[in-house]
Structure formats: structure tokens, C-alpha cells
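**Student:** Okay, handing you the structure first.
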């Protein structure tokens with residue numbers, strides 16, 4: 001029984017973000033469709049070859065996506081919303097881009113599909129839309145075309161296909177409501193057709209992803225698995241693939257399925273390998289997800305060997321990444337600025353492939369010498385002074401309940417804030433960032449590369465902040481922001497100014513579409529050596545009589561959008577960050593900043609996948625926010641911002657944050673999200689986002705007014721704010737001016753009644 005290895009997927013964007021650049025060039029009309037397609041082919045060929053050279057036996061095909069793999073699956077099944085369809089019924093790459101972005105080089109612009117987080121990761125998918133009576137058919141053959149590509153290059157491949165039940169689970173019904181699970185029998189023939197086509201190509205194994213099987217699914221959904229997979233069996237071997245959690249709670253459902261193998265995440269799940277082995281059918285292959293696909297840490301391979309060795313030789317076994325390597329940067333070897341000690345602690349996607357090769361070889365041979373050598377740096381890290389800061393640990397241990405309480409309740413604070421700011425009804429503001437122009441990016445890059453001295457850099461940033469204030473005053477906004485010209489990313493910026501973080505040069509991971517982020521890495525205890533945001537906030541406030549918001553990223557979001565340590569709990573990291581940012585709130589307040597926004601867009605996405613684990617997480621997540629904010633005086637207004645959220649099941653926790661104002665992303669869901677706040681009788685102020693900043697389309701005054709009137713039916717108008725869904729850094733100035741002008745006009749119209 002020779003053990004093989006494989007990955008569940010590989011990063012798509014390219015080491016230098018080649019895919020992002022090609023997409024954006026095509027969208028801007030600066031390159032042709034053929035040129036875009038050529039970049040995709042080149043990246044796929046390179047990535048297959050890199051995995052093969054690193055020692056991977058079975059290469060994933062179908063993990064590449066032009067925007068998002070859930071959207072790719074939707075097109076495969078012919079699931080195209082009516083507003084995005086081509087007149088002749090055909091489907092092409094622009095159809096895909098219109099669904100994702102609301103517009104493309106061809107076709108009519110229309111509202112983009114809703115976007116939300118992929119399970120509890122920082123990747124986003126486009127939510128499939130279902131309407132009653134819709135038809136499904138194989139319309140987008142990208143998977144088959146890419147399999148042909150890989151086979152022509154001589155690779156041994158394993159196609160990757162998002163499973164039918166997970167795909168349905170991830171979608172939403174639009175219009176007349178019905179049970180979306182009723183569509184299952186309509187999509188299975190398309191899956192059968194795809195599997196038949198793969199069988200014709202001589203494919204032995206297909207990785208069929210059903211991560212919904214790690215959730216606490218309703219019984220009807222669990223019951224749907226057996227008939228669905230009865231319909232799919234027989235043409236190729238199916239590797240039922242799960243990740244992000246363990247499968248033990250749903251193992252009875254899984255073991256009844258007519259599949260030939262099961263992949264389990266042995267990093268994030270709590271499944272015991274020996275118990276799994278006992279419960280799985282003896283002829284099934286077990287794919288052991290031993291290498292963390294979601295983090296950047298070098299694996300302790302001696303530990304991984306011990307974890308799996310007891311079942312070696314007892315069943316067919318593969319070793320694998322826990323999930324797709326999509327969530328990891330590509331290659332550590334190009335990181336030239338990390339010092340040798342810290343660099344020795346990490347492994348990116350290509351290094352994880354190498355880890356899988358080392359592990360496979362050791363399991364096949366029994367020789368573990370190479371594993372011990374590989375694991376030595378991560379074992380040495382446990383005693384590094386770079387990791388432990390006694391002062392931080394002491395401060396954390398001294399936290400009391402009082403440290404997470406504002407001095408007075410919201411009603412008292414609101415009165416003090418009204419007296420201080422005297423804002424009109426329907427106050428207008430933005431979420432924080434303004435367009436990151438080429439000039440701004442060049443300025444930061446020149447400074448980073450040493451081509452610009454500190455004085456000239458600061459002069460340049462000051463000018464961009466001045467322009468942002470002038471623009472907002474001209475537009476008539478009520479509460480201003482400084483625009484964040486100095487910030488490359490809302491998390492990276494704070495990480496750069498906090499001890500305990502390190503940064504990469506090329507550690508890009510895909511967030512959605514062409515958007516990539518370069519998450520900081522938490523390597524040790526977190527503290528704040530000096531004020532971070534005070535200087536620029538104070539400068540911006542000096543230029544206007546209107547209030548300027550101080551802008552902070554909250555502790556849970558910094559945690560969730562960074563690569564965390566694996567040697568302490570997430571709670572510990574979040575509270576260390578909260579204490580550091582608490583000092584920032586105090587310093588902003590002392591500098592005369594009266595409104596401070598602490599963004600927590602990631603609060604919900606950090607939820608454990610199983611509801612039974614939620615309470616513990618929400619308790620420390622809320623406490624971290626309150627530790628951060630509680631130092632503020634009564635007349636300092638604390639805002640928070642959240643996006644991509646379904647709120648109804650965590651409203652208690654959102655209220656417990658005790659922010660004076662919460663701004664939320666609601667426009668893509670047509671204000672549906674406000675139902676939760678209405679039903680809960682949310683007591684504080686709310687700014688429901690009135691337009692979608694992820695699309696370049698400019699909303700009309702009438703559209704915004706209609707949304708605000710809809711909001712006012714649910715929330716008293718005196719508690720409503722008017723703002724976009726999210727920050728504006730990815731937009732251009734022309735559409736930003738136009739959209740904000742319409743937003744301000746809509747608010748003014750409503751004030752006049």
C-alpha cells in the first residue's frame with residue numbers, strides 16, 4: 001500500500017499577482033480577452049509544474065477560477081441570473097464577470113451578485129441565486145477544458161468539483177420563496193454529465209468537495225446526501241472532501257455514501273485518526289489533511305508522522321493539505337527581507353508541497369530523519385525571546401471586568417454626544433478609506449523602497465489628506481474621514497506599527513475576484529510601542545470644523561485577517577491586540593478626536609463553523625472589542641463597521657459590543673439585514689449601507705432614497721445614519737464623487753420631508 005500525496009488546490013493569483021493584473025487590464029479595456037485567457041493558461045501550467053517539482057503525486061485541476069470557484073460552479077450548471085444573461089443565451093467569461101462585478105467589457109451592467117465569506121475564511125464567494133422553476137444545463141466547460149490542458153502536458157491529475165449539496169447550501173432563493181434543496185434533482189444530471197466526460201478522459205479520481213458536511217446541517221440536508229451520491233456513483237472514483245472542521249458528528253451520514261474515499265481536515269478538526277479508520281468502510285481510501293492549508297507555519301512533521309503512523313499499512317492512505325492552499329501565500333523562497341530565524345518558522349504553498357513529499361517518503365520508508373531535520377526550527381521557536389513578552393502577559397493577566405465597561409450606558413452617552421456634535425437628521429459619513437490612486441500607491445512604494453525621504457513622504461500624504469477633506473466638505477458630508485492615504489491595508493497598517501507582527505513582500509492571498517491581501521503574521525506577544533493613527537487624525541481635524549473620525553481596525557478583525565500564532569489561543573491574541581488599541585483610543589481622545597470608529601467586519605466570520613462552539617468565541621470576541629473601546633469618555637462617540645454579515649443569529653453579541661453607532665453592509669441584500677435589528681429592537685444608532693462599493697455602478701438619488709425609506713420602516717429615522725456599504729479604496733474618484741453626491745442629496749431630500 002504505497003502512500004501518495006496531493007493538494008486540494010493551489011493559489012491562483014500568481015507569485016506577482018499576474019492574474020489580478022491581467023483581470024484589471026482586461027476590465028479597463030487595455031487588453032483583449034485572448035490575452036487574459038493566455039495569462040490563465042500560463043499560470044495553470046506553471047502551478048502544476050511547481051507542485052510536481054515539489055513532489056506532489058496527484059495535481060488538482062479545477063481549482064483555478066477567473067473570479068471565484070463557487071461562481072465557476074454556478075456557470076458550469078447554467079445558473080446565470082436573468083439580469084446577467086447574454087441575449088443569445090450563451091455563457092462566456094464576461095457573463096462571469098458581470099455576475100461578480102456588475103459589469104464587464106461586453107453586455108449590459110446590472111447589480112452584482114451578493115458576495116459573502118467562504119465558511120470561516122477570508123476568501124469570498126459569489127452567492128448562487130435560485131428562482132422557482134429554473135433550468136440547469138452544462139453551459140460552461142472550464143473544468144473539462146482545463147483537464148484537457150493538464151493531460152496534454154502529461155500530468156497525473158485529480159479534478160476538483162464543488163459538490164451539489166454544498167453548492168445549494170451556499171446559495172439563496174430570490175423572489176418567491178421555496179426550499180432550495182428541491183433543486184437537487186435538477187442539478188444532478190449536470191453533475192452526472194460532467195463525471196461521464198471526466199471518465200471518458202481516463203480520469204480515475206475526482207475530488208468532490210462537500211465542506212457542508214462539517215456543519216450542523218438540518219436533517220433534511222443530511223438525508224439528501226445518500227440519494228444524491230447514489231445518482232453520482234459509478235463513473236469515476238469519488239474522493240468525498242471535507243475541510244475546516246472535523247466530520248465525526250456526521251460520520252454516520254458519510255459512511256453510508258457510495259464513494260471510494262474521504263478527505264478529512266486533521267488540522268482544524270478534532271477527529272481521531274484511529275477512530276476514523278475503525279468507522280470507515282475498509283475499502284475506502286483515507287486522505288489525511290495533515291498540513292495546514294490556512295496558515296504560514298512550518299509543520300512539525302515529526303508530530304504529523306506520529307499522528308498518522310498507527311494506520312499506515314492498514315488501509316489505502318493519501319497525505320494532503322488540510323484544505324486548498326488557496327488560503328496560503330505561494331512561495332517563501334522569494335522573501336528576502338525576513339531574518340533567518342523568523343523565516344525558518346514558515347512554510348508557504350510550495351513549501352507545504354515539499355512537506356507533503358517529506359511526509360509521504362517517511363511514511364513509505366519508515367525513515368524519519370528528514371522529518372526531524374525539517375521540524376527543528378519550529379521546535380526551537382518555542383523558546384525564542386521573539387515570541388514571549390512578560391510585560392504583555394502580565395498586563396493581560398491583570399484585566400478586570402471594569403476594563404470592558406464604558407463609564408455610562410448608551411442613553412447617557414448619546415445625550416452627551418448630541419450636545420457635542422449637533423449633527424442633522426440623517427447624518428452622512430463614509431466608512432473610512434477613499435480611492436487609493438496611482439499617485440498614493442506610488443508615493444507609498446517610493447517611500448518603502450527608499451526612493452523618497454520621510455519629509456517628502458509626509459508632505460505627500462498630508463496633501464492627499466487635505467484633498468480628501470476638501471472633497472468631503474464640497475460634497476456636504478457631515479462626519480468626515482481622513483481617507484487613509486497612508487494605509488496600504490486596514491490590517492497590515494496596524495500590524496506594521498505593533499510589536500509581535502512580521503510582514504512579507506509577496507505573501508499575497510486572494511480575497512475575492514482580483515482583490516488580494518497580504519496578511520500580517522502574528523509571531524509573538526502583541527504590544528504598541530508608539531501611537532499609530534493620532535498624527536494624521538489630528539492633522540485632518542485641524543483642517544475642518546466638522547468632526548473627523550479616528551479610524552482603527554478592531555482586535556478581532558486584526559486577528560481574523562492575520563495569520564495567527566498556533567501556540568496560544570485566538571482569545572489571547574485578540575485581547576493582547578485590544579489592550580494595544582485601547583491605548584490608541586485614549587491617545588486619539590486626548591488629541592481632540594471625538595468620533596472613533598473601531599472596525600470589526602470580521603466578528604461574524606470568525607465564528608466557529610459549529611453553532612455549539614459559538615458562545616465561547618462570541619464571549620471573548622465581544623470582550624476584546626469592549627476592552628478596546630471602554631476607555632472612551634461619554635461624549636466620545638464609538639462607531640463600529642461590519643460587512644458581509646448575517647446578523648440575526650448574533651444580535652445579542654452585536655448589541656453587547658455597546659458601540660454608539662454601527663454601520664453595516666446592506667445594499668446588496670436590499671436592506672434585508674435590517675430585519676434582525678428591527679426584531680431585536682436594537683437600541684443604538686445604525687448606518688445601513690446604501691450602495692455597493694464593490695461595483696463601479698453609481699446609484700441614483702431615487703435608489704438611495706428608496707433604500708433609506710425602507711430602512712426607516714424598520715428603524716426609527718432619528719437613529720439612522722447614511723453611508724456607503726464599505727470603504728472606497730478600490731473605487732475611482734469619478735464614481736466616488738458621483739455616488740457620494742447622490743447619497744448626500746438623498747439625505748437632504750429626506751430631511752426636507
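The chain as shown is numbered from 1 upward.
From the backbone N, Cα and C atoms, a Cβ is placed for every residue, glycine too.
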**Student:** Please identify which of 310, 316, 587, 599 is recorded by Swiss-Prot as part of the L-homocysteine site containing 431, 432, 433, 484.
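**Tutor:** Site partner of 431, 432, 433, 484 for L-homocysteine, according to Swiss-Prot: 599.
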**Student:** Checking the contact step here: among the binding-site residues 17, 117, 431, 484, 726, which have a Cα within 10 Å of the Cα of residue 694 (active site, proton donor)?
**Tutor:** 726
**Student:** How many other Cβ atoms sit within 10 Å of the Cβ of residue 432 (L-methionine binding site)?
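**Tutor:** Around residue 432 (L-methionine binding site), other Cβ atoms within 10 Å: 26.
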**Student:** Out of 117, 641, 643, point to the one nearest residue 599 (L-methionine binding site) in space (Cα versus Cα); all of them are binding-site residues in the record.
**Tutor:** 641
**Student:** Nearest to residue 117 (5-methyltetrahydropteroyltri-L-glutamate binding site) by Cα, among 484, 641, 643, 665, 726 (binding-site residues)?
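**Tutor:** Its closest listed neighbour, by Cα, is 643.
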**Student:** Out of 17, 19, 516, 641, 643, which of these binding-site residues is nearest residue 433 (L-methionine binding site) by C-alpha distance?
**Tutor:** 641
**Student:** Restricting to the binding-site residues 19, 605, 665, which ones have a CA within 10 Å of the CA of residue 432 (L-methionine binding site)?
**Tutor:** none
**Student:** Going by Cα-Cα distance, which of the binding-site residues (17, 19, 431, 605) sits nearest to residue 665 (Zn(2+) binding site)?
**Tutor:** 431
**Student:** Select the most exposed residue of 19, 431, 516, 643, 726, where exposure means the fewest other Cβ atoms within 10 Å, treating these as the binding-site residues.
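**Tutor:** Counting other Cβ atoms within 10 Å of each of the binding-site residues 19, 431, 516, 643, 726, the minimum falls on 516.
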